[in-house]
């Protein structure tokens with residue numbers, strides 16, 4: 001049985017291990033950045049009828065930044081030519097994390113992905129959610 005996983009994202013500053021610091025007000029690049037989010041698995045009922053919960057903070061590497069975009073007028077519908085790349089991963093690795101607050105939960109693990117590289121690219125709907133980004 002597949003159980004849904006609820007995630008809430010809490011932004012954290014980039015780790016201090018980077019050789020150069022990025023000024024978020026001026027960067028026009030895409031960077032790997034560390035994020036922390038709260039992962040919550042759905043509650044279950046144990047054999048005594050008591051609810052058992054499972055959650056914990058998870059740190060992942062993700063992409064963050066800004067990309068140059070443009071639009072120019074055109075004589076054909078939709079009367080514009082759009083160029084809107086997004087900051088997205090160029091590689092990722094999967095890992096399994098054990099959540100910290102899961103006493104009595106049968107499987108306290110979740111699968112997460114870490115970005116290994118980031119770049120400004122056009123959205124790929126086969127691997128990313130591209131709503132309202134493709135034109």
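Every residue, even glycine, has its Cβ placed from backbone N, Cα and C.
Here Swiss-Prot flags 1-19 as signal peptide.
Under the heading disulfide bond, Swiss-Prot lists 30-87 (among others), citing sequence analysis as support. The secondary structure of residue 30 (disulfide bond), as reduced to three states from DSSP, is extended strand.
In this structure, residue 102 (disulfide bond) belongs to neither helix nor strand by DSSP; it is coil. Residues or ranges marked as disulfide bond by Swiss-Prot on the basis of sequence analysis: 54-102 (among others).
Annotated disulfide bond per Swiss-Prot: 63-118 (among others), in sequence order, evidence recorded as sequence analysis. Sequence-distant contacts of residue 63 (disulfide bond), defined as residues of its own chain at least six apart whose C-beta falls under 8 angstroms from its C-beta, comprise 30, 31, 32, 33, 87, 88, 89, 115, 118.
Per Swiss-Prot, disulfide bond is recorded for 67-120 (among others), and the stated evidence type is sequence analysis. For the recorded site, residue 120 (disulfide bond), the DSSP three-state label reads strand. Sequence-distant neighbours of residue 120 (disulfide bond) (same chain, 6+ apart, CB under 8 A from its CB) are 29, 30, 65, 67, 68, 85, 86, 87, 88.
Annotated disulfide bond per Swiss-Prot: 123-130 (among others), in sequence order. Within 10 Å of the Cβ of residue 123 (disulfide bond) there are 17 other Cβ atoms, across all protein chains.
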